[in-house]
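Working notes, beginning with the structure itself.
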Amino acid sequence: MSLISIERIYLLIGLIVMYLVWHTLKDKAHPKRLTTALFWGLFGSLFLFGDLAVTWLGEQLAHRIAGAMVIVIALLAGMGKVSAGSYTPRSDAQKQQSARALGNKVFVPALLIPLFTVAATLLLSDVSTGELMLFDPKHQTLAALTLACTLALIAGWRLTGDSPLKAVAESRRLVDSIGWAAILPQMLAMLGGVFVVAQTGDSIKALVSLFVDPNNRFALVAIYCIGMALFTMVMGNAFAAFPVMTAGIALPFLIEQHGASPAPLMAIGMYSGYCGTLMTPMAANFNIVPAALLDLDDKYQVIKVQIPTALTLLATNILLMYFIVFD
Amino acid sequence: MPGEFATYWMNAAMLEQLLQLNYWPLIGIPVVVLGFALRFNPLLVVTVAGLITGWAVNMDMFALLETFGDKFLSSRQLASFLLILPVIALLERHGLKEHAQNWIATVKGVTTRGILSLYFVVREVSAALGLLSLGGHAQTVRPLLSPMAEAAATNQYGPLPKPVRDNIAAHAAACDNVALFFGEDIFIAFGAVLLMDAFLKENGIAGIEPLHIGLWAIPTALAALVIHLFRLSRLEARIRRDIARHQQANQHPNQQEVPSSGQVADTPASSQTAGSDL
């Protein structure tokens, strides 16, 4: 048992999303009020009722219902039925006035989130009373982040006089501007799951292996590194690519046949995968969500900025691996 | 027929193998690439790619729905940034962005490059020490790093055109990603290092400790630092050039079609980076 368990964090996220849905429904000037509310309502209920449904209906039925809801979510977004609403932002002059009145104190809640999360992960992870842990042992960072956000909301309340509920209502502007991108990371995790069941990885491995020349060390290194990057771009995650490519190419050809040193081979191989992560919209939480968070006109601009670094590093990795692993 | 395709890099046997591969599990990849390229809504593209892949490998419809639901529910922690947004929204309402910009204006000689480079180094070093949650797009980049980097440019050049502002913001996000990715694997308790360690043990390769893997992550981490700091060093010139180009375009509203890269090359800022594309 833990006080801040992952289930409770999901409930909290569900409550926040549902509070936003309620405000969307009240927003009479919203151009797509009902369908936007349905979109976020379905999303929020997967957080509020997901774990309860598994307990009550059994895993199989609950997962099927959740899967059907996900398809409805995708259809609503795909048909353009989800949009931003109307908000009452404060004027620039009012914000400047607040900024002058609060001074550097306005930084305090913002800095509290990262600093407290790190400190709490390091110091509070083992705190417990009897059987009850403070943080979910499997999700310590997330539990620490949740606590940090709560404290920051309280600090913000004391500082500005706006209550946490007001803050959540205010975040509708941000959540709406992120829109469908907020859900994309989970959708991609879902596609990754289908790829695992369909054994897409084995097909990629078979395809890449065809180009292997077992006696050409440099070509082997290049294929392993480029294969890691490509596979990661498809799956959006280097962890999914690593076991398949390493077992398929690195282990039989580089380690067993050419006697390559495993530690640098794997470290650099994994980093080659990360070069792929920088170049793919499939890694939405790193590449697409920030584009939405930062109000960029081009949702692929973060990727475009990262590509030169990623390609240069990939080439560097190939050379590094070639000159390091065979000693 | 296959013999006619045979070249020094692809012989007949290889072509035969290529033709015999099972391509059905791969069908989701072109669906995703095409769907993104044609700018369909990504949620729809990804869902359709999942449905088609499942159909192509003869998955039962209910089993497919079950995989969808299972994976969606078990990846809910990816939405945890929603917890951060209320605080950020509240502070933005009370002038967080404005104050970050005013504050940067009081620091002498600070540049966009300087702010992003400093953040990059701090982020990569702290990630290498395992302090992964010190940064992040919702908690650090949007409320603090991006406004400060923009403000430094505004101090130097005046109000920024939207494309210049977007480019700086995208660089702020890229700094966070690159520094995090290439710092974290040095930290031996990080998931990737443990995954590699488990893989080695599973495959019967003994005598490698997580420490060795972490150590061999350092050369790439240093390369990432050098490469990305070099790119940031050219960002300043790029901002100058883009602003000069924007101003010139605005001064001659009737000659919008004329200013191409060649036309602008005589401005002092652009001559330093002619042809570069950061």
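Numbers here mean position along the shown chain, with the first residue as 1.
Keep in mind that glycine also has a Cβ here, set from the backbone N, Cα and C atoms.
Per TrEMBL, these features apply:
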- A:9-25: transmembrane segment (TRANSMEM)
- A:37-58: transmembrane segment (TRANSMEM)
- A:65-87: transmembrane segment (TRANSMEM)
- A:107-129: transmembrane segment (TRANSMEM)
- A:141-158: transmembrane segment (TRANSMEM)
- A:178-198: transmembrane segment (TRANSMEM)
- A:218-251: transmembrane segment (TRANSMEM)
- A:271-293: transmembrane segment (TRANSMEM)
- A:305-325: transmembrane segment (TRANSMEM)
Report summary line: Highest Cβ pair tally under 8 Å against the transmembrane segment (A:9-25), stretches A:37-58, A:65-87, A:107-129, A:271-293, lands on A:37-58
Query - Sequence-remote partners of the transmembrane segment (A:107-129) [C-beta within less than 8 Å, at least six residues beyond its ends] - result: 135, 137, 140-141, 144-145, 147-149, 151-153, 155-156, 159
Report summary line: Counting only residues at least 6 beyond its ends, the same-chain positions whose CB falls under 8 A of a CB in the transmembrane segment (A:271-293) are 174, 177-179, 181-182, 184-185, 188, 224-226, 228-238, 241-242, 245, 299-303, 306-307, 309-311, 313-314, 317-318
Query raised in the report: What parts of the chain pack near the transmembrane segment (A:178-198), using Cβ distances under 8 Å and only residues at least 6 beyond its ends?
Result: 43, 70, 73-74, 77, 82-84, 234-237, 240, 282-285, 288-289, 291-293, 299
**Report entry** Tertiary contacts of the transmembrane segment (A:305-325), as residues 6+ beyond its ends and Cβ separation under 8 Å
**Finding:** 217-218, 221-222, 224-226, 229, 254, 260-261, 264-265, 268-269, 271-272, 275-276, 278-279, 287
